[in-house]
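Following: one structure in structure tokens, then a few remarks.
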Amino acid sequence: MAALKFFSLLIASIAFVQMATAGDPDILTDFIAPPNVTIDGNFFTNTAFRALVGGGPPTAFKILKATMAEFPALNGQSVSYAILEFPSKSTNPPHTHPRAAELLFLIEGALEVGFVDTKNTLFTQTLQVGDLFVFPKGLAHFQYNADPQVPALAVSAFGSANAGTVSIPSTLFATGIDDNVLAISFKTDVATIQKLKAGLAP
């Protein structure tokens, strides 16, 4: 009986730890060094964002990322960045980040932003330079530069080295989901679904 009680407590403790650490796993070293890589100051430096210095205004919506894919030193550090460049009248389409919240800081221009929670409540805001906005982990959200002339620039921080991005338009209409399934789900016809798919084709 004592052994059974101990086993039950052990299982409960493991489940609690798993719930409490739902995100990037903790590491047991200062950092994670890839094999066959020289570890010096260069390993901890990423120079990709230099492309932004002195560059002209964007001509299309663009994201410049620093995740563990682009910057391996972030592996195990539970942090990543993205620079978002918005020409006038451009959008970052509705999407989610399944592994992290997003904290957006607006540096230039203005942005209309919003997210939808699990009760289907829409929360929106118009951001001005210097504003911060948080998009909770896993919720569908968007950013839109409504200004007809002025571009916008924002920095987003994530609480994961690999937050992941699921684009809602691409996921629904560019992955081969059956037209009939989508037509029934959106209460429309197959022809309309096919037009949407054609618009998202590469």
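Heads up, the Cβ atoms here are built off N, Cα and C, so glycines get one too.
The feature oxalate binding site is assigned by TrEMBL to N92, H97, E102. Within the same chain, residues at least 6 positions away in sequence whose Cβ sits under 8 Å from that of E102 (oxalate binding site) are V134, F135, H141, S156, A157, F158, A163.
Sequence annotations record features per position, and here TrEMBL assigns Mn(2+) binding site to H95, H97, E102, H141.
The feature domain 'Cupin type-1' is assigned by TrEMBL to 50-194. Residue counts of the domain 'Cupin type-1' (50-194) by helix, strand and coil are 24 helix, 57 strand, 64 coil (DSSP-based).
Feature annotation from TrEMBL assigns signal peptide to 1-22.
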- Query: When you measure from the Cβ of H97 (oxalate binding site), which residues in the chain that are at least 6 apart have a Cβ under 8 Å away?
  - Reply: F135, K137, G138, F158, S160, A163, G164, T165, V166
- What are the non-local neighbours of N92 (oxalate binding site), defined as same-chain residues 6+ apart in sequence with CB under 8 A from its CB? F61, I63, L84, F86, F142, Q143, Y144
